[in-house]
Amino acid sequence: MVSLVQTSSFPLIPRFRSSHPVLEEARVPCRSGVRCHVVEPLKFENGKPCIPVLPAGERSLPSFLTTPQLGNIVSSKNDTRLRIFSGTANPSLSQEIACYMGLELGKINIKRFADGEIYVQLQESVRGCDVYLVQPTCPPANENLMELLIMIDACRRASAKNITAVIPYFGYARADRKTQGRESIAAKLVANLITEAGANRVLACDLHSGQSMGYFDIPVDHNNQPVVLDYLASKRICSDDLVVVSPDVGGVARARAFAKKLSDAPLAIVDKRRHGHNVAEVMNLIGDVKGKVAVMVDDMIDTAGEFEKSSKPTLELLPIIFIFYHKSNVGG
């Protein structure tokens with residue numbers, strides 16, 4: 001049954017009567033009876049809202065706008081953080097570097113699966129940090145090189161600001177050119193791998209040749225002569241009794257640079273013939289080394305066989321011989 005009901009706010013509207021109590025009380029206003037009155041736009045007595053501008057002399061935000069969270073965000077931008085992580089190649093060297101810097105080594109989890117795969121996980125945040133990864137590629141070279149690449153990738157995916165690969169012994173550096181046909185230039189390949197992994201800079205003690213820096217598309221630092229010269233100066237060797245010896249013809253430029261910085265010491269050269277990898281024969285000794293202290297400088301020692309053979313011609317003439325080498329594959 002339907003009846004019309006008059007209300008104060010709405011015109012006559014139908015009312016449905018039913019036995020159900022909810023439908024009995026339901027009242028639906030008529031849409032046609034609703035009227036909209038157009039009013040004037042809002043007026044701002046104090047002016048339109050605007051962004052507050054801080055006075056010129058006031059550098060900080062007002063107290064009602066500052067929050068603890070905002071202060072942490074502002075301070076974190078000016079906070080330069082440095083992290084040092086070590087691989088498994090030479091952890092003692094990494095520990096000495098961290099102690100010298102007054103820092104602690106970063107926490108990192110490195111393990112190997114049963115099939116030999118390497119797993120790396122950083123156990124602390126490096127977001128926005130300058131990260132240094134100390135990992136020489138000493139034997140086993142392939143294992144340590146792959147571990148370094150995975151460490152770089154982990155830091156890159158953890159949003160590190162800068163990643164520096166510290167490689168005291170840079171493996172595959174001797175393969176920097178083609179000496180025979182159908183040979184690979186492995187130094188260029190390793191440089192591409194490190195760059196593509198995400199490293200921003202490479203720090204090495206000394207590369208096999210200076211032109212190897214051109215293989216990288218990122219900055220490379222590899223000169224350690226100041227450290228060596230300070231060490232030699234601490235030995236208090238008279239410049240007149242000093243001679244710099246190059247173990248082969250290829251290292252003459254390196255030996256001459258050392259001799260020039262050691263009060264322009266005289267230079268001697270060991271002429272040897274290489275019959276194969278890690279096999280060499282000493283032929284002649286060029287230069288006067290009798291009665292002097294020989295500083296023999298070489299860029300790499302692998303088996304030390306060639307270095308020993310180069311020293312034999314001078315041992316018979318010298319009362320003292322001082323041997324220094326830039327890097328060795330034993331322990332990085």
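Backbone N, Cα and C atoms are what each Cβ position is placed from, and that goes for glycine too.
As recorded in TrEMBL:
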type	residues	note
DOMAIN	82-198	domain 'Ribose-phosphate pyrophosphokinase N-terminal'
DOMAIN	241-305	domain 'Phosphoribosyltransferase'
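With DSSP states grouped into helix (H, G, I), strand (E, B) and coil, the domain 'Ribose-phosphate pyrophosphokinase N-terminal' (82-198) comes out at 40 helix, 26 strand, 51 coil. Looking only at the domain 'Phosphoribosyltransferase' (241-305), the predicted model's pLDDT averages out at 79. With DSSP states grouped into helix (H, G, I), strand (E, B) and coil, the domain 'Phosphoribosyltransferase' (241-305) comes out at 15 helix, 30 strand, 20 coil.
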